[in-house]
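Colleague: Before I ask anything, let me first share the structure, which is written out below as structure tokens.
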Amino acid sequence: MKLVVVESPAKAKTINKYLGKDYKVLASYGHIRDLPSKNGSVDPDNDFEMVWEADSKSSKRISDIANALKEADTLILATDPDREGEAISWHLIEALKKRRALKKDVAVERVVFNAITKNAVTTAMEHPRQIDAELVDAYLARRALDYLVGFNLSPVLWRKLPGSRSAGRVQSVALRIVCDRENEIEMFKPQEYWTVAADLRAPDGTDFQARLHALDGKTLKKFTLGDKGEADKALEAVRSGGYSVSSVEAKPVKRNPAPPFITSTLQQEASRKLGFTAKRTMQAAQKLYEEGRITYMRTDGVNMAEEAYVAARSMIQTNYGARYLPEKTRYYSSKAKNAQEAHEAIRPTDFNQRPEQYSGDDDQRKLYTLIWRRAVASQMEAAVFERTTIDLLAKDQRAQLRASGQVLVFDGFIKLYTEGHDAGDDSDDDENRLPKMTEGQHADLLKADSTQHFTTPPPRYTEASLVKRLEELGIGRPSTYASTLSTLEDRGYVRIENKSLVPEDKGRLVTAFLENFFQRYVEYDFTAGLEEKLDIISDGKLDWKAFLRDFWTQFAEDIGQTKDLRVTHVLDALNEALAAHVFPDHDADGNVIEQPRLCPLCKEGELSIKVGRFGAFVGCSRHPDCKYTRQFSSDGEEAGFIDPDGNELGVHPETGETVWLKSGRFGPYVEMANGEKPKRSSLTKNDTPQTLTLERAVELLSLPREVGQHPEDGEMIYANFGRFGPYVQHLKTYANLKDPADVFNIGLNRAVALIEDKKARGSKRGGATPLKTLGEHPDGGPIEVYEGRYGPYVKHAKTNATLPKDVTPDAVTLEQAIELINAKASKGGKKKAPAKKPAAKKKAPAKKKAPAKKAAKPDEG
């Protein structure tokens, strides 16, 4: 029996149909081992030794494969045909060797196929090879590099810039690109210019429009007419009339089709045309690949296999006719920097499977249609336009007008597919039909007008245009773009507004910090250079450990230099770098602000960026005498300002009490005097001091909301907001809500279901999943809140401390948790004095675990 291992069950199911009874196909479910998310997983002092771990699920999969191997004479590794696929195969062999499950008499073969079709799979089985050690080396180098950057740079951010989440080799450069564009937009100063246009009538009665092209023998440039006075003079010359044609130029223009999709262009077009995120695109593409409908979707190759060219051309001949089929096959070359082109472009595996015949998932159908049309169109004839330019000269020869237009003569590939455009891209697709005119013919002037214009700032990046920019710079790889974009959003560094990527204040702070203190590692050329070296490793021309040694020597030195970096030095650098954003010198109407950093409250102190436990804010240099603070924002001098005594919002319609907006240690909140103890409620993450209304404040003050009594014990279920989001509560069980609006409208049945599900999961996992992370213990390592069998508790390293009955998981503070943990630890120490020393040693790994909650995996995202 031959045992075949692939990544996914769907892929296994498809392949199983093509192989006979002598084969057994199992899935590894992706990577079976990974670097633990803690310090020490890559050891530079021990020749970059890497520690790999398999979680419980992966261990079971390895066991299943090992058991199946007992009856096999051949192990066939059929993972994906790229660096990651090669790595999965290598990891599996290493894990089986570690278990001594790989017998000497079992042959090990590696097969690759670019499409999951019967022909591709059976052909691959006939041509096995060994694992590509050079590809594995490149994988190891990439993983080690990303780990070393993530797990050394991120802790520096946490110490010097509280509220930051993580830094990454590609993630941080992508963030810088977004922030740089936002800086361009904010610094942009519109420039005025004018144009003059005329409506004319040809001898055949056709009306058309022309623009002033030259005046007094000088060709007009964009800013030649810089104000109304100059525009009026030009307009007067144009209105003199008496126009005749001085020249006519008509020439055919061909436009060739774009090549079939590669990973980046697929993500870009799916974003433009379907509104898909990069992640959504890759999920749909993965399923199409596993179904055997398209070729492998992680590629930078722009050409197809010869049989695909034949099939596509046959499809064109049959369905569109010989006019649409070029004489020769169209071949393409990649324009992407560092393109390896190891695989085919993304195409249908069978061109006869037309999109309208696909009846599966809607996302997959839409994406398949895009892929099919683009691949077929890439082999069609060029579209032909006739581009015409008519110049007309006034009778006094002062004003020369120009009319331009183009007409589609033959649609060619456009019949099937037209490529999308990003905002800011020049497009000449618009048809503007002009009358047939010859030199010397006269045209009547109907009217002429001048129009004022202002230059516009460059557009913000979209996911599509950011992927395009990363590709142009040679940063990242086809397999990493989607995860990089997701990471930026998940970390709260960017948000999406109308498909545009807008950097959050947190993201701009991180970028400013890195540009000031780790400039080399967010430079475009440096990051692209690392990618080039990783490619050289995969070609076998560079030793991967020599590459890491070269990188680590300088990087470790740069990290070490930050140990003595004072926070005041960091803040001075941030104040300078972000001055235009945080302290703008012009207001929204363009009026100059003489002293943009003057404190508006005391009129003496200087405003400065400050950092607290929960992130950055703007405060006065005369603190604590002056208590002015506002959000880290450029929305005007008073943006988010809350008076030290509170801002009055109005009178509560039911109680008659005054409702206030105030600021506390954990951010803004609303308050209403209610007897001796005022009623308070924190603002949610969707509320801001600038937009808060009395109605919304009254709504927040109504919390916690009584949802209803639990049917089993009659205890009330409440819905409320906490510092970490919306939730429902029953006794000491808390279940998160995804939608903030659910706090006000969730019904009893759904609330009970969420509560019971949370209880079941808590029991099954033994409280293994933290409800939230409060922060870092002074000794290092995260302090987390868990739901336990006997109620909620806080945990640090090996010490668990039960919360007092009057303290809920949502309300417990970091300071309270530290006190509870220290008290519990001291009690434990008295009982087992001899164990103190070993216990202290065990705390060291816990301290190294701190990055696990914040940096997640040290990947390229």
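Glycine too: its Cβ is placed from the backbone N, Cα and C atoms.
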Colleague: In TrEMBL, which of 339-361, 431-453 is tagged region 'Disordered'?
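Modeller: Based on what TrEMBL states, region 'Disordered' spans 339-361.
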Colleague: Which range, 100-105, 166-171, 256-261, does TrEMBL list as region 'Interaction with DNA'?
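Modeller: Within the set 100-105, 166-171, 256-261, TrEMBL attaches region 'Interaction with DNA' to 166-171.
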Colleague: Do you know which of 628-666, 667-705, 823-861 TrEMBL annotates as region 'Disordered'?
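Modeller: TrEMBL lists region 'Disordered' for residues 823-861.
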Colleague: For Arg143 (site 'Interaction with DNA'), identify the closest of the recorded sites His31, Trp158, Arg298, Arg491, judging by Cα separation.
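Modeller: So, of the listed recorded sites, the one sitting closest to Arg143 (site 'Interaction with DNA') is His31.
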Colleague: Counting by DSSP, what is the helix, strand and coil composition of the domain 'Toprim' (1-116)?
Modeller: 43 helix, 25 strand, 48 coil
Colleague: Using C-alpha atoms only, work out the spacing between Arg298 (site 'Interaction with DNA') and His31 (site 'Interaction with DNA') and round it to an integer in Å.
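Modeller: With the alpha carbons as reference points, the distance is 16 Å.
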Colleague: Any idea what the Cα distance is from Asp146 (site 'Interaction with DNA') over to Trp158 (site 'Interaction with DNA'), rounded to a whole Å?
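Modeller: That comes out at 18 Å between the alpha carbons.
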Colleague: Given the recorded sites His31, Arg142, Trp158, find the one whose Cα is closest in space to the Cα of Arg491 (site 'Interaction with DNA').
Modeller: Trp158
Colleague: Quick test of the contact rule: Cβ under 8 Å, at least six residues beyond the ends. What residues does that give for the region 'Disordered' (339-361)?
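Modeller: Same-chain residues near the region 'Disordered' (339-361) but 6 or more away: 81-82, 114-117, 120, 259-263, 266, 284-285, 287, 291-305, 308, 311-312, 314-315, 368-369, 371-373, 375-376, 535, 538.
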Colleague: Measuring Cα to Cα, tell me the gap between His31 (site 'Interaction with DNA') and Trp158 (site 'Interaction with DNA') in whole angstrom.
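Modeller: Rounded to a whole number, the Cα-Cα distance is 29 Å.
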Colleague: For the region 'Interaction with DNA' (166-171), how many residues does DSSP put in helix, in strand and in coil?
Modeller: 1 helix, 0 strand, 5 coil
Colleague: Whole-number Å distance between the CA of Trp158 (site 'Interaction with DNA') and the CA of Arg142 (site 'Interaction with DNA')?
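Modeller: Computed Cα spacing between Trp158 (site 'Interaction with DNA') and Arg142 (site 'Interaction with DNA') is 24 Å.
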Colleague: Looking only at the domain 'Topo IA-type catalytic' (132-559), report the model's average pLDDT.
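Modeller: When the pLDDT values over the domain 'Topo IA-type catalytic' (132-559) are averaged, the result is 91.
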